[in-house]
Amino acid sequence: MNSSRCAACKHLRRRCPSDCIFSPYFPANNPRRFAYVHKIYGASNVGKILQDLPVSRRAEAADSLYYEAYCRIKDPVYGCVGLITILHQQIYDAQCQLARIQAEIAALSSQSQSEVQQYRQDENVGPSFLPDQNGVPNSTSYYDISTWFD
Amino acid sequence: MHTGLHFCALFPPEEPQKFANVHKIFGASNVTKLLNELLPHQREDAVNSLAYEAEARVRDPVYGCISAISFLQRQVERLQKELDAANADLIRFACNGIQAAGLQPPPAAPQALASTHMVPTQPRPVGGWGGRFYQTPSFPIIPYSSSMPWNDNYNPHGGGVDGSI
């Protein structure tokens, strides 16, 4: 018997052959990892999934199976689908929030532009950098507005 | 031992692929055990989510649902950055308006939310400038940005992730 059985073979109480399909992905120092995938998928299903994949993809598959098994154990009703729902909700909320902030910025921006115009009319201030209604600047002398946006 | 578990109600005959996928990926006895641990009113949702996962795994045997989760997490992160930038712009406008009126600018706004590196089990809204956003995480063992092999820190010889919860 292999004296250093993988977590799967220890869990299944069997010898661990040298070509054990589980041993590269379920090491003995992490017994919970195999316990979770075995509880949700069953060892033979996990073995079949891994067997059907090229060797280069099996590690990723073992990780994703573990992740999904963990999600299912934490949330037996929805598993990782619950997570997908939450992420969709987060995206929706963030988009709404972003739209609100952008609307506020647009409102503040237009408010500050009209306040400057009003100020100039009230104080009879000289040339304005603001364009006229046709989008053409009223003067060739431009005020430096870069500080407005610092 | 069944406790009133009726597969025919949960897997209607007009959706044969649903049961086929679930049976292929999880196995009928595992599904029975899982469903038996739930209350009857929870079983339909559980079956539907299992069917979703099973179909995702059949389509993508390597990543299953994780592809979708990764994609959505990246979207959330991107939106967080956009929100941070928009909040910063809003603060600048607000400060400019208050300063123009000769008043003190407001205190620095709280940061927009913490990153979504980990995935939540339950959403918990947090306050702050720019409103509410769900805080992560309570999955201590599989942070998205850390130990999955599609990220840089993956160690294929280390069993992937610590099994502690």
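Using the three backbone atoms N, Cα and C, a Cβ is placed for every residue, glycine included.
Feature list (source: TrEMBL):
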- B:1-90: domain 'LOB' (DOMAIN)
- B:69-96: coiled coil (COILED)
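Broken down with DSSP, the domain 'LOB' (B:1-90) shows 68 helix, 0 strand, 22 coil. For the coiled coil (B:69-96), the model gives a mean pLDDT of 92.
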